[in-house]
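Quick look at what TrEMBL annotates:
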BINDING   C459, C462, C499, C502  Zn(2+) 1 binding site
BINDING   C468, C471, C486, C489  Zn(2+) 2 binding site
DOMAIN    231-397  domain 'Helicase ATP-binding'
DOMAIN    494-653  domain 'Helicase C-terminal'
Amino acid sequence: MFRYAEVLVDVANRRLDQSYHYSIPDYLSLKIGMRVLVPLQNRKVQGLVVNVTDDLPEGMEGFNLKPVLEIADKDSLVPQDLIELAHWLAQTTICSVAQSLHTVWPLLKGKIEEWIVLLASIEDSDVQTLQWLDVEAFRALTVLNRSRKKAVSLKIFLKRANISAGTLEKLIKQGWVSKEVRFVTTGEDSSLKQAPYGGQNNKVKDYGARTDRTYELTREQATAVRGVLTALEEGSSQTVLLHGVTGSGKTDVYRELIAQVLAQGGDAILLVPEISLTSQVARYFERQFGEQVIILHSGLRQREKMKAWADILSGHKRIVIGARSAVFAPLPNLRLIILDEEHDGAYKQDENPKYHARDVARKRMDLRKGVVLLGSATPSLEAYAAAQSGKIRMLTMLSRIGKSVLPPVEIVDMRDELRQGNRSIFSLPLQQKLRERLTRGEQSMLFLNRRGYSTFVVCRECGYVVSCSNCDIALTYHTQGQAMRCHYCDHKEMPPHTCPKCGSRYIRFFGQGTQRVEEELQGLFPEVPILRLDYDTTRSSEAHDTILDKFRRQEASILVGTQMMAKGLDFPNVTLVGVIAADQTLNMPDFRARERTFQLLTQVAGRAGRSNKPGEVVIQTYSPQDSAVMRAAHHDFQGFFWEEIRYRKERKYPPYTHIIRVLLLHEKEDRVIKGANELGAFLQQGMQEPKFGNTELDVLGPAPAVLSRLRNQWRWQISVKGTRQDILRAFLHQGVKRFFKSPTSSGIILNIEVDPLSS
Ligand SMILES: Nc1ncnc2c1ncn2[C@@H]1O[C@H](COP(=O)(O)OP(=O)(O)OP(=O)(O)O)[C@@H](O)[C@H]1O
Ligand SMILES: [Zn+2]
Ligand SMILES: [Zn+2]
């Protein structure tokens, strides 16, 4: 029996978010991962046991510790490796351990309550005994007897039975009832709201899927499978990158691998970037693995989650398919975590803890000596660079399945269209190709990026985009103040009246919506059925699948959508893909804009011509010469990679540096600006210190954030760049600490993000 417990208390107050030591009374058999009730500053709070020891840490010997009061679980709730993971997560994402724990183990939300349980069976008790009770006590017992599990919380019991504390004591003493501590999960209320997608359950549904698989793996696929199996057999934790072009059959590589892992007694997680994709993928896997498959994502109700956790822990479910948060699934024999479309930004969580599923997967497999498989047709620069430098293994699949080939891509220069008098959203070549599809009875997809909520300034005649002279990032136009701003360094300029390059007066503030595209398209083809897939049309649960199923059944000829439709979809009758404006992604105020553009264009183009009918792609743009656009049009990932990696090196952007971004929020603009300036000054001063003086650090900003005002709060940001993450973190910690001691900081919310994916 251990003598001391380290307990992470679960309180909202961040200052108390830490672990405390308590003594363990003899009568409690405590284990790591159990929930307990402990005293803290004259309160009883709940917490999780994160460690048990015989000795106290140095400096604490001889302390007179308070004892743990109660245990809420019969056994460890949270496995030890997941507790370790939570600590790691808190440290690397700079957030509280409590917050991390809730992420790793989302069932902790709840409270410990005292409950009253009926011990005797009222039915069996003879009348004599019952008569002996007074009216008050008798009523109380009937209330308990009627409750379904013959138990209610103390609070409710006292209210419903309307009895005095004295009577309750009497009932306990006479052995009718007992008091016990229970953990009650909260969140049931929120379950009444509709979860975004398929939240009503996580069973795999059949939407009339395509015919069953009757094929063998191709040679490329088989080689890839063997490569990953070798990594698994080596028994050391490893990351493997599977670079396979769109339509090369990566899904079947995953399927085969999972079959092998299961056969060896292991469990697997398959992550897809968005919740909306889970049911499609799960459907495919359930055909082979049946009941062993379970879908997990944050949209599930608390009750569904609890059931899922129980099924996973008991070994009934061995394949977890889900979005980002499924990376924490507590599979007992986890051997393999697959991230499909690993380059996708959705793997990074926007809220605290701001983790990237790729990093979590790697850490989990480090702890378990398993394999992380990253799959993509357009790997992230980070992953591909790691593969190039030999840090991780890489497997490639260069050809599409069967006779299908990567579709030819035509780049249409929208400046020419203007010159020819075409002011429509659709270029003449695109209109022509759409018409061809309609006569042939084939389908088309039109893609528009909505991610770029910012407005950039472009010359419609020569395509010139105004960008920051310091940062080489497109300037963003703000209606407020009518100026253009850089979101990295806060360089400010008024938008030009004429193009600085060609003198044209066709200067335009860019930004279009899917709805407008749909309307104009309908005007062009009045009789043609069109579907739209974007945030607005998929807000209701299931709408996403419904739209895609309609399209699959060919009830519409054209699908207009945002990046939602860029990933993973496999429609054999789609032979034309049109990109309305590549510029939207290209000119996002973000150093990753080119990478995003390349990925998106390649992925979108990859939706065309996936079966025996050849496909075609049209990319409309004002920057036809841009290398990201041209490389995507030529399906040239390698060329793009080497060019981009050189650029990142020159400009000192990731993966050559790390960036930590601090977002400052306040309701009043002047307060947030003042705060940002002061934090900026503290950071600048910090750079003078000997300990940081000769390390390569850059403080960028303060500058207004891309979304300079959100939910009634003004947002400013400061970014710090540096080559070593540990130094960067220490540097920032010191600055933030000083900042919080200053009165300027009062009321300001800091939002810190390590290696943000977007600005
Ligand atoms: N060995 C095979 N023989 C015949 N068809 C196959 C084979 N493997 C996969 N397919 C089929 O090829 C199509 C493309 O496969 P899949 O969707 O897995 O590609 P992918 O590499 O994931 O593409 P993307 O990156 O675009 O999502 C699917 O319809 C799949 O059923
Ligand atoms: Zn111009
Ligand atoms: Zn700048």
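Cβ coordinates come from backbone N, Cα and C, glycine included.
Listed binding-site residues: C468, C486, C489, C499, C502. Those with a CB atom under 6 Å from ligand 2: C499, C502. C499 (Zn(2+) 1 binding site) and C468 (Zn(2+) 2 binding site) have their C-alpha atoms 15 Å apart, to the nearest angstrom. In the three-state DSSP scheme, C459 (Zn(2+) 1 binding site) falls into the strand class. All protein chains included, C489 (Zn(2+) 2 binding site) registers 17 other Cβ atoms within 10 Å of its own Cβ. Taking the Cα of C502 (Zn(2+) 1 binding site) as the reference point, the closest of the binding-site residues C468, C486, C489 is C468. C486 (Zn(2+) 2 binding site) and C459 (Zn(2+) 1 binding site) are 18 Å apart (CA-CA, integer value).
A gap of 18 Å separates the Cα atoms of C468 (Zn(2+) 2 binding site) and C462 (Zn(2+) 1 binding site). Burial estimate for the binding-site residues (C462, C486): highest at C486, by number of other CB atoms within 10 Å.
Note on the domain 'Helicase C-terminal' (494-653): mean pLDDT across this stretch is 86. Of all the binding-site residues listed (C459, C468, C499, C502), C502 has the fewest other CB atoms within 10 A of its CB. Only C468, C486, of the binding-site residues C462, C468, C486, C502, place a Cβ under 6 Å from an atom of ligand 3. Highlighted in sequence order, R460, E461, G463, Y464, P500, K501, G503, S504, Y506 have their Cβ within 8 Å of the centre of the Cβ atoms of C459, C462, C499, C502, the residues recorded for Zn(2+) 1, and are not part of that set. Between the CA atoms of C489 (Zn(2+) 2 binding site) and C462 (Zn(2+) 1 binding site) there is a gap of 27 Å, rounded to the nearest whole number.
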